[in-house]
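According to Swiss-Prot:
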REPEAT    115-148  repeat 'TPR 1'
DNA_BIND  191-257  DNA-binding region
REPEAT    329-362  repeat 'TPR 2'
REPEAT    363-396  repeat 'TPR 3'
REPEAT    431-464  repeat 'TPR 4'
REPEAT    466-498  repeat 'TPR 5'
REPEAT    499-532  repeat 'TPR 6'
REPEAT    534-566  repeat 'TPR 7'
REPEAT    568-600  repeat 'TPR 8'
REPEAT    601-634  repeat 'TPR 9'
Amino acid sequence: MTDRLKCLIWYCIDNQNYDNSIFYSERLHAIEDSNESLYLLAYSHFLNLDYNIVYDLLDRVISHVPCTYLFARTSLILGRYKQGISAVEACRSNWRSIQPNINDSISSRGHPDASCMLDVLGTMYKKAGFLKKATDCFVEAVSINPYNFSAFQNLTAIGVPLDANNVFVIPPYLTAMKGFEKSQTNATASVPEPSFLKKSKESSSSSNKFSVSESIANSYSNSSISAFTKWFDRVDASELPGSEKERHQSLKLQSQSQTSKNLLAFNDAQKADSNNRDTSLKSHFVEPRTQALRPGARLTYKLREARSSKRGESTPQSFREEDNNLMELLKLFGKGVYLLAQYKLREALNCFQSLPIEQQNTPFVLAKLGITYFELVDYEKSEEVFQKLRDLSPSRVKDMEVFSTALWHLQKSVPLSYLAHETLETNPYSPESWCILANCFSLQREHSQALKCINRAIQLDPTFEYAYTLQGHEHSANEEYEKSKTSFRKAIRVNVRHYNAWYGLGMVYLKTGRNDQADFHFQRAAEINPNNSVLITCIGMIYERCKDYKKALDFYDRACKLDEKSSLARFKKAKVLILLHDHDKALVELEQLKAIAPDEANVHFLLGKIFKQMRKKNLALKHFTIAWNLDGKATHIIKESIENLDIPEENLLTETGEIYRNLET
């Protein structure tokens, strides 16, 4: 498998697909912990402008010349001259006798093939909002080359139904090749039928092989957004993500940043090259990707010779065996990524955990696990996994905005502040860093400062949907509901499957009393992520407001089954049971809730109410007293209930004021 992985890594590097080269380099380094595999991983990160990650990877490598040279180049960019000099001087005896290799063969270097061109074309279509065309491009890219993992991830992000078992199969034209170094001329003439698309009843009879992808893309790009046309039309075009105004601001920022010694130049000609870098819609400042950029061009000839000699020793049969093994591994990765994109979280978790242990301990898998636990609302476990990722790759900023949100939910201000400090120090031009800082200010209820940080993040990347969603929540916290709705709509324009923005719009309408609009947006979010207990609870809240208690109870019960530890869903369920005069079942729910949230005054207050109604005065007094001790602000309500302990109440939920605030929001 290692030979095939090395071929794939160089193939990805030749085609400037650095996300894929990082992905395969991680797989190789997990299997073969050697200087060569470490160099390939570091070199891929270097080409991806992840200089701090390169520095961390190569900091302790002593005698390997290519690694030392790459470390020196990285130290030069980061301004850490002393460390670079020490590393180069330490292995002087190893590189002093190396002769220039000007006549090194370039026959193994290739040009972008159809799959690479389709991948970058699809990425541009996706960023421009043409999801149907983007889907067609990605489908064809994966059909031509199943090793194109970034195209596969783009398909999962769009929401196309896929079957990973049928995606990651060796195409016929590849089985006749000894390796990737042979020409692939006319390879597209034998493009396999994209059988990996899951057929729906509506599209199974269609003769167009891309009919499924068209229907999926259209469902998100047209029907789902049509109801919001009038709202989007009201938004000033200059404020929309990716508008001329913001692109001008972004270019201005890039121009200003040239004075930084650690920041490289950026120009318009490189935009197309940067579009194929990441499906998470981030932007970075990049430098020209020319052959002169390659820092190891002279010192990696030994690696290339070793690679060529290994190819000479490898037989077509051995390559086929490696391809088969690698495809089995990719099927597991593909299933996990697809299931996570579909929010089938338990299945995704099982899939990632079924990977070989060395693969589980790589940044890619740890990030996916952290996101999976986060979506499962298991913030403690998510924090644990993300912290492991931070220990493994301390300079990584990708996906750290999810980590910061988990810390925000856990109310852990110190770790969140530390994370914000570290990410800003190592990645000051990353939008994720500024969103993390915004979460830090938000936790301190400094919403104005948080909004300033978010605006900076949007300047750096006008297509970062998380920033718009966070901006919407901060405006909502300031009761600026119109601005909040505008921000959430911008997030949806960037990514129509970003369910958090649909949820945010629903909450704004819920707060402003527009129950029908709130229900529509919650339902839309739940269509994207049907396994989120919070969304199901919010739909139940709409029915509760409309006094349809039985329907509300159905949704609360479903939410409790999705997340047994959801205090909000269980509390709402108990309240509805009380409204239906089913006090015994309500008591059971509250007892379970007490075990989940023993320090929640609301729970004890409601328990006291029920015991009072059941004429169990001692238990009622006990829980009223506990509630009093836990929430001193609600003493007037609790005191009144204690004073009227002998007077039965017709409606136990008449007093739903201050004491319910924590669980109601």
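Cβ atoms here come from the backbone N, Cα and C positions, even for glycine.
Remote same-chain residues near the repeat 'TPR 8' (568-600) are listed as 533-534, 536-537, 540-541, 544, 549-550, 552-553, 556-557, 559-560, 606-607, 609-610, 613-614, 630, 652-653, 662-663 (criterion: CB distance under 8 Å, separation of at least six residues from the stretch ends). Averaged across the repeat 'TPR 8' (568-600), pLDDT in this predicted model comes to 87. Residues 1, 26-27, 29-31, 146-147, 149, 152-153, 156-157, 159, 162, 164-165, 167-168, 368-369, 371-373, 375-376, 392, 528-532 of the same chain, all 6+ positions outside the repeat 'TPR 2' (329-362), place their C-beta atoms under 8 angstroms from a C-beta of that stretch.
By the count of Cβ pairs under 8 Å, the stretch nearest in packing to the repeat 'TPR 7' (534-566) among 115-148, 363-396, 431-464, 466-498 is 363-396.
Secondary structure of the repeat 'TPR 8' (568-600) per DSSP, as helix, strand and coil residue counts: 26 helix, 0 strand, 7 coil.
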